[in-house]
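K.L.:
Sharing a structure, written as structure tokens. Questions coming.
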Amino acid sequence: MCGNTMSVPLLTDAATVSGAERETAAVIFLHGLGDTGHSWADALSTIRLPHVKYICPHAPRIPVTLNMKMVMPSWFDLMGLSPDAPEDEAGIKKAAENIKALIEHEMKNGIPANRIVLGGFSQGGALSLYTALTCPHPLAGIVALSCWLPLHRNFPQAANGSAKDLAILQCHGELDPMVPVRFGALTAEKLRTVVTPARVQFKTYPGVMHSSCPQEMAAVKEFLEKLLPPV
């Protein structure tokens, strides 16, 4: 990877999947609570596109209120997983700034914002939604898996003006016991007040719990192929 990664802490040890050809687009994908970027780098390598670079950073280890203050990889503190749970506003905003720094690093290395997709699973998906909607750079889109929109009461006012053109693929398991699918549906409803409604796809998967599935990964691949064609 060219460019100085020292000024972007999340890049120094991020798991990456390089493109087989010249990289003209990037997918930045954020893992869920307690995980690392490696598992999603492995999953994304199964649907890789030859001209796309996949970057899967690791969250810092912090005490998590929801898990009895145990220290684990977490993008921000979590107090609960319901639409009315208190939220770590300062932590969410700080995490979003760190992801924006990563986006800007890729832009400096020659990948334009409209060739960058931000995505994530669970807490990582939540952070990807918040970051992309408040980002000053017009990204191509968002892949939001099994997640929610943090600080949802701040939207649509908190969104950047260019956010209305974002394409969003939101996917959710219908049997998710951690982040219920109803929460996902409420999130999709909210997102349609922030971006052009037709740009939001909300797909649900019968029998799937708080995880991904082959059909979902196929939908992600199709979404990325349309948004990030070869140039």
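The chain as shown is numbered from 1 upward.
Cβ coordinates come from backbone N, Cα and C, glycine included.
The active site, charge relay system annotation in Swiss-Prot covers SER122, ASP176, HIS210 and is backed by similarity to another entry. Annotation source Swiss-Prot lists S-palmitoyl cysteine at CYS2, citing similarity to another entry. Residues annotated as phosphoserine in Swiss-Prot: SER82.
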K.L.:
Compare the C-alpha of HIS210 (active site, charge relay system) with the C-alpha of each of the recorded positions SER82, SER122, ASP176, and give the closest one.
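P.N.:
Nearest by Cα distance to HIS210 (active site, charge relay system): ASP176.
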K.L.:
Sequence gap of 6 or more, Cβ distance under 8 Å: name the residues on the same chain that satisfy this around SER122 (active site, charge relay system), in order along the sequence.
P.N.:
GLY32, LEU33, LEU145, SER146, CYS147, MET178, VAL179, HIS210
K.L.:
Using DSSP reduced to three states, classify SER82 (phosphoserine) as helix, strand or coil.
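P.N.:
In the DSSP reduction, SER82 (phosphoserine) maps to coil.
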K.L.:
My understanding is the cutoff is Cβ-Cβ under 8 Å with a sequence separation of 6 or more in the same chain; which residues meet that for SER82 (phosphoserine)?
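P.N.:
Expected: PHE183.
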K.L.:
Please list, in sequence order, the residues in the chain of ASP176 (active site, charge relay system) that are at least six apart in sequence and whose C-beta is under 8 Å away from its C-beta.
P.N.:
SER146, GLY184, VAL208, MET209, HIS210
